[in-house]
Each structure stands twice: as C-alpha cells, then as structure tokens.
Amino acid sequence: MYASREDIGYDFGDDSKVGSKPIKPNPNIDGGWAWMIVLSSFLVHILIMGSQMALGILNMEWLEEFNQSRGLTAWVSSLSMGITLIVGPFIGLFISMCGCRKTALIGGILNALGWVLSAYASNVHYLFLTFGVTAGVGSGMVYLPAVVMVGQYFQKRRALAQGLSTTGTGFGAFLMTALLKYLCTEFGWRNAMFIQGAVSLNLCVCGALMRPLSAKDVSEKCVVRSNSEDNNAKALSRSAETIKSNGVFSEEPEKKEEATNEEVLDSVQHTEIGGKSRSGKNMYGLRVLKTVSQLTVTVRKGFALWYSSYFGAASLFTNRVFVAFIIWALFAYSSFVIPFIHLPEIVKQYNLSSQNNIFPLTSIIAIVHIFGKVILGIISDLPCISTWNVFLTANFTLVTCILTLPLLRTYVSLAVVCALIGFSSGYFSLMPVVTEDLVGTKHLANAYGIIICANGISALLGPPFAGWIYDITDKYDFSFYICGLLYMVGIIFLLIQPCIQKKQPGEKSTEEAQV
C-alpha cells in the first residue's frame, strides 16, 4: 500500500519548461463553473446510465410484441449497454479532434435519433441497429465527455465531484424506471420510446454546458497538482524520465507541422485579401478552402494525439500499472452486473420471494450504491488518505461479498451482503480519478476510453457466461465463484504492478544505458 497517488503511475506531462513564478489559479477549477460541469455530468448519468438500467420494462414489451426468445431479445439491451462503453477508445479520437462539447452535442442527437427510430421497429433485428448500435454509440459519445470534463475542472475535490456526478446512475434507475413504466402503460411502448427520444435531447443541453478550459488553464492545473504532490512523486521519477527519454510526444515534429499548417492558412488568407476585387464566387471558394484547411489541421492534430496515446513511443500501454488496470476492468464490471441480473432467480430458488417483493435485494444494492459513491469520494479527498488504497479496499470488499453470496440462504444475510456490494461498488466514482493519477489530465480521455471499453466487454459477456454456467450445473453458485475468482486475479494484478514499478527507479534509464 502506498500513501501517495503518484506512486501508482507515470507523469506524461513535461513541466520542466514551466517557471517557478506563482500561478494565479483559475476560479473555475474546484469552484464556479466546475459545479455546473458536475450538474451536467449528473444529468448525463440519469439520462444514459439510468435509462439503460430501466430497460427491463421495455424488454418485457419487446418479448410480448415480437414473440422472440428471451436470449435474442435480451441482446438489444445488452448491445446498447455494451456499445456505450466499448466505443470509448474511438470516442477518445473524437474528443481529441473536436473537444468534449461538440462530441457530446453530436452524441445527444444520435442517442435521441436511436430512441425515435426504435419506435418504428418491426422486429428485434431492427432494434439491434437502431437501439443497440445507434443509441448505444450516441450514449458513448456523451458519457465519456461527461466523465472527462469533471476530471479537467477539479483538482482538490476530484473524487467527491466524480462521486456526486455518478450518483445520477442510481437516481436515474429509479426515475427512468418509473417514467418508462408510466409511458408504456399510458401510451404504449412505441410512443414511450418516441417520448423518451425527445427527453434524450436534453443531452445536447448537458453537452452545451461542457465549456472547455483553455490550454493555459489545463497546464496551470497540472502544475498546481505536480507542485502540491512533489514530495510524494520521487518514487517513480526515474521511471517517468525513462518514458520521456523514449520520446513522449516529440515536440519538434509537431511544431514543424504546426508551422507548415499555419503557412498554408496564411497563404489562403493573403490570397483571400488580395482577391477582394474578384468575383464573389472566387471569394466563396477561398473561404471554403480556408475552412477545409483549418479542419484538416484540427483533425491531424487530434488524430496524432490519439494515435500516439495508443501506438506511439509514449503509448499508454507502456505504463505497466495502467495495463494491469485494464486487465482488472475486464473482470470487474461483470461481478457487479451479475447480481443485478441473477438475484431475482436466486431469491426464487430459496423461496424468499415474499420478503423480496416487500424490499427487493437489487433495490438495496442500488440505494446503498448512491451513498457509497459519495462517501468513498469524500474519504478519498482527505489529505491523509490515498485514493489508490480506498479503491483497492473497496475492491477487496466487493470480491469477498461476491464469493460469500452463494453461501447465504436467509433474506437478512443476503440483504446485508447486498448492502456491502452496493457500498463497495461505489468505487466506480474513483475510476476516473485513479485513471487520471495514472496517465495525467492530457491523456484522460483516451485512457478512460480504454477502461470503459474493457468494462463494456465485461458487461457484454459476463451475464451470458453466468447463464451458460447455470445451464451446465443447474446452480448459480459456480457463476459467482468463477467470476469472483477472475475478479480476484484482476485485483492481484493491481497489487503486483505497483511493487514492480517501485523497483524501477533503481534501474538505469535508456539514456544512461546508452552512455
């Protein structure tokens, strides 16, 4: 265990060029407009994650309407939930090129379009395309920017801010379930999806609130963070230098490229000024050329940042702790989703349906989950507490509950374990914070895109895997045991890699080896 956040990751930024002059902090960091960003992210979680957790209402309507198998119909909601997370790395490319605000605006329109088109579905396969893919991609284009923007606007209270914003998932599960239930009863499921599409247009409003910070503000935020944690960052300083010596985003080619692009734009501008006496048609063509040139510059710079993050010398995959974090994410999310899906059936097998109908175990998980996110966020922001240690402790608690749950047979004992599952799974609000500590603010969008992609794969394959195990054994016990053990493997990777990382400062860097 380590007391420092910097002990678990690399610093990809190069602050050596920044002077020691006192920096006046931006009032919008940790305050001001930052809380509007939290509100925006909170609403996004209600409209996207809350709606997806309420899809059971529509799933019953689709079963009745299309008379297809439960397995085939369930893939509609599974695709929507999975694609929302799996497209994360590609959404990172959009963010690098267009920024969070434009990406979220486009995603809001796409998500609403998916809901509206699904209202005209004639079969389940049509829903695969309209709801599973279209609405799923739109959801991903809004969800990732909502998380990234909170990370950019907060420094001292990042965990609390992420915790408050992600509580929208729990609130959304209750609100959207009630809303969809009412709309389906009063207007039918087709009109309900049409109305929900109109409601989803509010995602565009949330996207409009995502006012980007200037590059100066972001660099100041990084400097403040590095200064405040400078004494704790020495453990991996040599490792960070090794990565920088291997070519972390070589600046000279980028500068040359920017100079070339500026020359092109200047030439177009001079041509436009010199051609004022020409016809309006030629002027319009020059303006179009200038716009295309500017767009090309933006796309090339965004793609260069995205490509170098994944495949360049400074690839995120050179960070061993981050790779271990990805392996953990592949196993973690299914361990949280599986109880939601299979608990009702387990309760039925144990003859506890009468008690569960009064207060469902899944509702206990959802309610306590809300408080868990906020409380764990507050604890992690305490100066004497490490976010990394809180994150690992919550994971250990959750995996213990997953492995213990099949052994319990009474409602009270199951309720206690479900409450612990809900509270410990509040670590989801810490995932963006841990990711930012590992890779820095500059790479947060691309890095967190990879993490939620791994979560999406886990959510997509985990529940069917548990069902397949049940078909073989006629019990859900082995589903929890196997998923719990795989989850434990992911946690062990998280524990091993920081120890390996700790040894690296004693090793020679690439530059020293060459000398």
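Using the three backbone atoms N, Cα and C, a Cβ is placed for every residue, glycine included.
Annotation comment: TrEMBL describes 37-502 as domain 'Major facilitator superfamily (MFS) profile'. Mean model confidence for the domain 'Major facilitator superfamily (MFS) profile' (37-502) is a pLDDT of 78.
Per TrEMBL, transmembrane segment is recorded for 33-55 (among others).
According to TrEMBL, the transmembrane segment annotation covers 75-96 (among others). For the transmembrane segment (75-96), same-chain residues at least 6 beyond its ends with a Cβ under 8 Å from one of its own Cβ atoms are 48, 52, 55-56, 58-59, 62, 103, 106-107, 124, 127-128, 131-133, 135-137, 139-141, 143-145, 148, 301-303, 305-306, 309-310, 445-446, 448-453, 455-457, 459-460, 463-464.
TrEMBL lists 103-121 (among others) with the feature transmembrane segment.
Among the features that TrEMBL reports, transmembrane segment is placed at 127-148 (among others).
Here TrEMBL flags 160-180 (among others) as transmembrane segment. Sequence-distant contacts of the transmembrane segment (160-180) (same chain, six or more residues past either end, CB-CB distance under 8 Å): 34, 38, 41-51, 53-54, 56-58, 146-147, 150-151, 153-154, 192, 196, 199, 366-367, 369-370, 373-378, 380-381, 426, 428-430, 432-433.
Among the features that TrEMBL reports, transmembrane segment is placed at 192-210 (among others).
What TrEMBL records for 321-343 (among others) is transmembrane segment.
Feature annotation from TrEMBL assigns transmembrane segment to 358-376 (among others).
The transmembrane segment annotation in TrEMBL covers 388-408 (among others).
Residues annotated as transmembrane segment in TrEMBL: 414-435 (among others).
Beyond its flanks by at least six residues, the transmembrane segment (447-466) meets 78-79, 81-92, 143-144, 147-148, 151, 309, 316, 322, 325-326, 329-335, 337-338, 341-342, 431-432, 435, 438-439, 476, 479-480, 483 of its own chain at Cβ-Cβ distances under 8 Å. The transmembrane segment feature in TrEMBL is assigned to 447-466 (among others).
According to TrEMBL, the feature transmembrane segment maps to 478-496 (among others).
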_Please report, as numbers and ranges, the same-chain residues at least 6 past the borders of the transmembrane segment (33-55) whose CB is under 8 Å from any CB of it._
76-77, 80-81, 84, 104, 111, 139, 142-143, 146-147, 149-150, 153-154, 161, 164-177, 179-180, 196, 199-200, 202-203, 205-207, 209-211, 366
_Maximum Cβ pairs under 8 Å to the transmembrane segment (192-210) - stretch from the list 103-121, 127-148, 358-376, 478-496_ = 103-121
